[in-house]
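Worksheet: one structure, shown below.
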Amino acid sequence: MDAEKAHAAYMVLHKRSSIFKRLIDGPAYQNQLVDEVDASQSTVYRGLKQLEDHNLVKKQDGMYAPTTFGEIIYTQYERTDEIVQTFVESKQLLETRQEIGSVLDPSVALDATTLVIGKTRPDRVYEYLEEQVSEAAKISGVVPTIFSAMVETYLTQATANQLDAEFVFGKKATEHVQTELSNEFKTLLNTGNFEAYSYSGEVPMGVVVITEPVEHVLVVLHDDIGVVRGVIDSKDKAAVTWARDWYSKYEAESMPLTLS
């Protein structure tokens, strides 16, 4: 299938999604569809013909059902639709000065909760991040900045042997730790439950993957580094895999964090 035909099939699926969604639930006769999708007979007829012409549905014993190709394409269509809806509803998240368009994986918008400063009060965004960390048992992340309240949460959980964590800190976060939080981090590292690495450059966003007890990824978007715009919290498996790879990439290019 060439690109033009593939695009046409996708557009037909979008246009006739109500019909196709009904057929996902089980085969149906044309007359059934007229009643069940609340469309005219002519609309259903045209829709079925278009879906059939693009190999998205098949007719057997007078009933229509999705083809395997149609089911696969519809799964991707639903994912794309959810991604678009998430970002449309939280479009302020993407109005950041950081260059994230080529590195932020769209899967983070699937099975996601979003908090945007401006729609949500700033302290609630920070509280949400603290809550997620306090509930985590195993966590790894790459962060461009850090704030004291989060360090206190790390320290409380690590000291109680309730948190196993490893973090890569961007240049500004490293400098802040070394100049303002050195004593706290010495105590934190001495727990044996926290590993810290320093990355020599800046990172465009915070990416924190929690693997226990529930897998999910927190993406913290900034304007200027240190000025949080909002958070995306996704439980999508592809998003978690992307976040793990993101951490591995930065960890491989970092050195152990040193404190004076």
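Any Cβ shown, glycine's included, is placed from N, Cα and C.
Just so you know, TrEMBL annotations are computer predictions that nobody has curated.
The annotation domain 'HVO-A0261-like N-terminal' is assigned in TrEMBL to 13-85. Sequence annotations record features per position, and here TrEMBL assigns domain 'Methanogenesis regulatory protein FilR1 middle' to 122-252.
Residue counts for the domain 'Methanogenesis regulatory protein FilR1 middle' (122-252) by DSSP state, with H, G and I taken as helix and E and B as strand, are 60 helix, 39 strand, 32 coil. With DSSP classes pooled into helix, strand and coil, the tally for the domain 'HVO-A0261-like N-terminal' (13-85) is 49 helix, 9 strand, 15 coil.
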